[in-house]
Amino acid sequence: MRLTPLLVALFGYIYCQETFVGDQVLEVIPNDEEQIKTLLQLEAEEHLELDFWKSPSVPRQTVHVRVPFASIQDVKVFLESQGITYSIMIEDVQVLLDQEREEMLFNQQRERGTNFNFGAYHTLEEIYQEMDNLVAENPGLVSKVNIGSSFENRPMNVLKFSTGGDKPAIWLDAGIHAREWVTQATALWTANKIASDYGTDPAITSLLNTLDVFLLPVTNPDGYVFSQTSNRMWRKTRSKRSGSFCVGVDPNRNWDANFGGPGASSNPCSDSYHGPSPNSEVEVKSIVDFIKSHGKVKAFITLHSYSQLLMFPYGYKCAKPDDFNELDEVAQRAAQSLKRLHGTSYKVGPICSVIYQASGGSIDWAYDLGIKYSFAFELRDTGYYGFLLPAKQILPTAEETWLGLKTIMEHVRDHPY
């Protein structure tokens, strides 16, 4: 049975107060450096309240920007006056949000008394409950490690997959940017995959007999809750500081990796605000402290969306890392493995050359710490839905991502250092 528009509207009122009626996402293609400079100037116009989903970087690479209804005409007229090509990618953002909310409510009704649906988006409480279920159902393999609490005092719970002993480890996190919901969902599916297939799948069994895996499905719990209850487009943490009315820090600009350099903003109201100091965000510091204290983490992998990319250092500079050849070879093989399932193509390379220069990122920090195998995935899609990927794409996204992850993990297993 389909939900009535009234129920969907009520759900939106309760769970997502900010609406985006009439907002459009434009795909813009700058032809040269001058047009990129123009788009960067446009991005700085705070009164337009533009939300760049894919920022300007190099000529002829697409830029995606959500434009509020009130600014649409001004932005389009400006682009046309500058000779910058654009097209409408999403006609009305609110239409996709309404569909997403309807699916969530329908799933919540359907899940009562039934098994957890990994092909749906869930609240933080539902995710944490399923993590507890995985621990309870697999006591000899899965345990829960609390590495700290968020700014709003929500637990940061990591799932540890281990067969015992003091093994080297792989770190995997998701959801550092709140609105990238397919990443949290993919991470939870991955956790269930590892737990359910150990002992029957030779690849997973071999991996866990050699390595531990630490998996943090929701790296930014405060932001994730806020994206579900107040503003679906929220990206940052929810930290507050005296002297600023703007809330939050971009947690993937807050790491001690050329902190405050190119690609990060000093403006507290920016979605790319790097924060007052490295590791100022408790969510970031909790991970830093845990990984440093563990001392044997050999791979650091983070899941983002969207754009279908598999990247490695560096982001804060455009120089190749010392291990470029090996990292590129591993990433290329992982992308090929991923593609075999559904034909999904990924672009591979260092962050700086694949997207843009960005300082203070997690995998740069990990690599500079000595964790050689540091990778960032940008999951589906390439922009048709952007951050609003329909729930029906969660399972195929998770399934193909696992093949890429497994390729990297097997390389880490076979190349100890």
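Cβ atoms are placed via backbone N, Cα and C, with glycine included.
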Disulfide-linked residue for Cys269, taking Swiss-Prot as the record, within Cys246, Cys318: Cys246
Predicted model, mean pLDDT over the domain 'Peptidase M14' (120-412): 98
His177, Glu180, His304 excluded, remaining Cβ within 8 Å of their centroid (Zn(2+)): Gly175, Ile176, Ala178, Arg179, Thr183, Arg235, Asn252, Leu303, Ser305, Glu378, Phe387
Spatial neighbour of Tyr306 (substrate binding site) that is closest, considering only the recorded positions Glu180, Cys246, Cys318, Glu378 and their CA atoms: Glu378
Pairwise CA distance, Cys269 (disulfide bond) versus His304 (Zn(2+) binding site), rounded so that it is a whole Å: 22
Site with most surrounding Cβ atoms, counting all protein chains shown within 10 Å, from the recorded positions Glu180, Glu378: Glu180
